[in-house]
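Have a look at the structure below, then the notes.
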Amino acid sequence: MPFSLGQRWISDTESELGLGTVIGLEGRMVTLMFPATDENRMFARDDAPLTRVIYNPGDIIESHEGWSLKVSEIEEKNQLVIYHGIHTETGEEVSLRETLLNHNIRFNKPQDRLFAGQIDRLDRFGVRYQSQLLRHKLATSDLLGLQGPRVGLIPHQQWIAHEVGQRFAPRVLLADEVGLGKTIEAGLIIHQQLLTGRAERILIIVPDTLRHQWLVEMLRRFNLRFSVFDEDRCVEAYADHDNPFYTEQLVICSLELLRKKKRLDQALDADWDLMVVDEAHHLEWTEEEPSRAYRVVEALSEVVPGVLLLTATPDQLGHQSHFARLRLLDPDRFYDYQAFLKEEESYKEVASAADALASGKRLPDEAVASLTELLNEKDITPALRLIEDESVDNEQRDQARSELLQELLDRHGTGRVLYRNSRASVKGFPTRIFNAHPQTMPAQYKTAARVSDMMGGQTDLTAKVKQALSPEKLYQAFESDSASWWKFDPRVDWLIDFLKNHRSKKVLIIASQAETALSLEEALRTREGIQATVFHEGMSIIERDKAGAYFAQESGGAQALICSEIGSEGRNFQFASHLVLFDLPLNPDLLEQRIGRLDRIGQANDVEIHLPYLANTAQENLMNWYHKGLNAFEQTCPTGHILFNEFSEELLTQLVYRDEDKFTQLLNHTQSRYKALKKAMEQGRDKLLEINSHGGDKAQKLVENLAARDQDTQLIGSVIRLWDIIGVEQEDSGENAIVLHPSEHMMFPTYPGLPEDGITVTFDREMALSRDDIALITQEHPLVQTGLDLITSSETGTTSVAVLKNKALPAGTIFLELIYMADASAPRSSQLYRYMPPTPVRVLLDKNGNNLSQNVSYESFDKQLSAVNRHIASKLVNASQTLLHPLFAKGEEFAQAAMKQLTEEASNKMTQQLTAELERLEALKAVNPNIRDEELEHLRNQMVELGNYLDACQLQLDAVRLVLVSHA
C-alpha cells in the first residue's frame, strides 16, 4: 500500500477509532494517530487492515472546525488530497485539505461504509434484507394484532377482535355468556389497537380483587406490560410527574381508587385513547339517581375516545341495566329509556326476519313482507326469488340468504355496539358429566359439631352454613395441630383411591380455602406418594406458573393440581378432563367458575365432574339444590345468581336445619322458576345479534387463515437465523420448545425482553397454551420485533462482498445488489402502514447498469454466493471503485421508478378502500343511527392525510452487496 504522511485512513477492524492520520513511516511499518480517541496504532505496510478514505464529487464532508462543503472537484498533490467545493452555509467556493477533515467521522451510508472498507459478513446482509421483508409482511398483514397473543384460535373471539379492533376509537359492549372469553376478546382488541397505532394510552378499570388477574393475563397472553396503580403507587409517581397517570402508558386500577375526586380528576386529565371497564354490570343506574361508580365511569367515557365495557349478558340483568351500559357508550344515541324500549320493539321484527333467513327453510309470507319493508330502499326481489327457487343450487340460495342477512345486520339497532355470544350459538363445548360420591359422616366431625353447639357456637346464619359445609375446619379449630382431619376424612380416602385408579389421567382438584388445598397435598404425598402440586393465592405469580407447568408436563409431571378458590381464578387447564370438587362454594357463579377451568372451548374430552360429599349433611342439600334445582353441574346456568338471590334465605335455612319436606318444596319452587327463566331467555334470544357476534363462516375463515400463519416454516427459519446473528444462545429443551439465553458474544450489549436467566419459547400454539411458562413466538412477539429493530436500526448487514463461482460468466464480472427502503414516514396512528409501510426495493445491476432483479430472484442468487474475508473484500472494492460510482446513480434511477409505482398503487388502494367504507357508512347512517359522525369525519380526514404522506415518500439506500465472478 502506498502510504504518505498526512493521509487519512480508517481501520477495517476498529472503525470506532474514527479517522486516522499517517504520522510515521519506518521500514515495513506505518503508524497512524486516531485523534478522536487519542490513540496510536502501528501496522505492517504490506497487509494492514486499513482503507484509504477519499470522498467523491457530490459528497458532503466536514472540517475539524465544524463547517461543511459539498465536493465538486478532487485534486491530488504530493500523494495528499485537496477537496474543492461549495460551503454548505455561505455558498462560497472553498477548499479543504484531507489533513483537516473531522476526526470523528462515521460512515452511515452503505456506499460510504463499503468504500471505507467497513464490510460486513455475507450472512448478515441476508438477515438484514429478510428482516426488512418480515417487517413489511407484518405491517401489511390483514391479521395484524391477532396472531401474536397466546390464545386459542376460537372463531367468535377472533371475529369480535377483528371487527372491533380495526375501528377508530371503538365504543362497544362485550356481553358474552360466562366461559366464552370476554377478557380474551378485550385483550385481543387492546393488542390490535396498540399494534396498529390506533391507541397508545390505555386504562383498564376492574374490581379490586381482579387487578392482578388482569395484570397477569395481559402479560402472559398478550405480552403487554401494564402497571397496577393504587394509592401508594400514585403517591410514589409524584416524583416523576404531577399527574401520576402520565408516568405509564398502560394502566390497571380499581374503581375504588377513582372514587376519590383527586384521582378521578387526574385520570380525566390523562389523555387516554381507550378505556376498558370489567364487571360493568355492577355499575348501578336509575334515571333519578345514578350510583357514584356509574358517574365515575360516565365522566371518563365523556373524555376517552374508545370504550370497552365487559358485562354479564343483558338477559341476566334486565332492560334498564342494559340501557345504562349503552348510554355510557353513546349518550346522544341512547338518551331516554322509554324511547329505547319503543325502539327495541322494532328490533323484534328485524330479529324475526333474521330467524327466518337463518333457518334455511322456506320463507313464510310474513317474513317476505317484513324483509321487503325493512329493506325498502333497495330492490330485494331478485334475492327473494333465488331463495324460493328450488331449481337453483344450494350454494346460490345460501349466498342470497347471506347477503340479505348482512343487510339486516347493518340495520340492526345495536349491532355495532353490542356483541353477545351464548353457548347455544357457539359450537365446540364439551359434554359435562356429573358424578356424586356419597361418604359417611365421621364421628369426629359429629362430636366437634355437638361441642360447638354446647358452647354456643355461631349465631349468624351464613356463618353456621359455612361451618356446616366445612366440618373439617371446625374440627381442626378444636384440635389445633394435635390432629389432622385428613387422616380420617372419607372424602380423602375416596380421593386417594380415585387417583390410584386413574393414574394416567390429569386431575384438577378445587377446594374453597388455601389451607384445605395444602392439607390435601400433604395427605396425598404422605399417605400414598402421589405426585400433586398446589395452587393458591398465597403463592407468587412465578410460583403459580411453575405449579401449572409441573401439572401440564406430560411425562414426569404432577398427576393432580390442588387449587384454592381464589388461586384458580383466571387459570384454565383444558388438557385435563377430570375435575374433583372437594367442597362446594355457596354461590352458583363460583361453581360455574370452577367448572369453567376445564369446560372451555378447546376442551377435547367430556368433562367428568366428581363430588365426594358427606351424606345426610348440608353438603348433600347444597349439591341437590345445584343439581336438581339448577342443573348447574351439567349445564351452564346464566340465571343462577338470580335464583340464588330469590331463594337464598330458604336455602341457607335448609342447609343448617334440614327439614326434608321443606327442602323438597324449595327444590320444586326452584325448578319451576329455573324453567320459566330459561324459557324466557330462550324466547328472548336475538338470533341476528348472535349471527353478528359469532361471525359464522367469516369467523371460521379468519381462524383458518390464522392457523395457516402458525404453520409458516419460513418464519421459523428467519427468526432462528435472526437470533443466531444477534448471538442469542439457543438450547433445544424437547417438546417443541427452545430455551433462549443472552450470551457473552452478543452483537448488541442488551436485548430488551430477553431475561438474564433466559426464557423458554415455542412456535407451537398448542404447546404454549398448555404451558404458562412457555412463550409463544410469532412475528408479533416482542422478542421478534425487538430483534428485527436491533438489526434494521443498526449498521448490521448494510455492506457485503461475495464471490459468485460460475464458469458461464467471464471471470471478474461484477454485479451490484442494492436494497433501498421506500418510506413515507408518518405517525403510526395515521394507518399509513396498511397501504405503504417501509418497503424494501431490490435492484440488481450488471456492469452495464442493466437491472436484473425481475429475472434473478434474491433466493436463487444468494444460494450461489460464497463469502470472502474482510481484507480481500476491501481490496476488491478498491479495485472496482471506478465501475461502481456510476452504478450507484443508475440504481437510484431504477429504485425511484419502483417507488413511484409503489406509491401510486398504495394511493389507489387507499382511495378505493376508504371511499368504499365511507360510502357504506354514509348509506348505513340513513337507516342505522349507531354510525357515529366521528367515524365518518375520521375517514374523510384520513384520506387527505394519507395522500399528503404518500406524496412525501422518500427513498434511502439500506444495504449494498458487491458480487464478483470467480473461476477459482
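Each residue, glycine too, has its Cβ placed from N, Cα and C.
Per Swiss-Prot, ATP binding site is recorded for Asp176, Glu177, Val178, Gly179, Leu180, Gly181, Lys182, Thr183, and the stated evidence type is sequence analysis. Residues or ranges marked as domain 'Helicase ATP-binding' in Swiss-Prot (evidence: sequence analysis): 163-332. Residues or ranges marked as domain 'Helicase C-terminal' in Swiss-Prot (evidence: sequence analysis): 491-645. The feature motif 'DEAH box' is assigned by Swiss-Prot to 278-281.
Feature annotations (Swiss-Prot) mapped to structure.
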residue : record           : CB count, 10 Å
Asp176  : ATP binding site : 27
Glu177  : ATP binding site : 20
Val178  : ATP binding site : 19
Gly179  : ATP binding site : 19
Leu180  : ATP binding site : 28
Gly181  : ATP binding site : 23
Lys182  : ATP binding site : 25
Thr183  : ATP binding site : 20
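Report note: the ATP site is defined by Asp176, Glu177, Val178, Gly179, Leu180, Gly181, Lys182, Thr183, and the residues of the same chain whose CB lies within 8 Å of the CB centroid of those residues, excluding them, are Glu185, Asn421. According to DSSP, Glu177 (ATP binding site) sits in a coil region rather than a helix or strand. Secondary structure by DSSP for the motif 'DEAH box' (278-281): 2 helix, 0 strand, 2 coil. DSSP assigns Lys182 (ATP binding site) to a helix. Per-residue pLDDT, averaged along the motif 'DEAH box' (278-281), amounts to 88 for this model.
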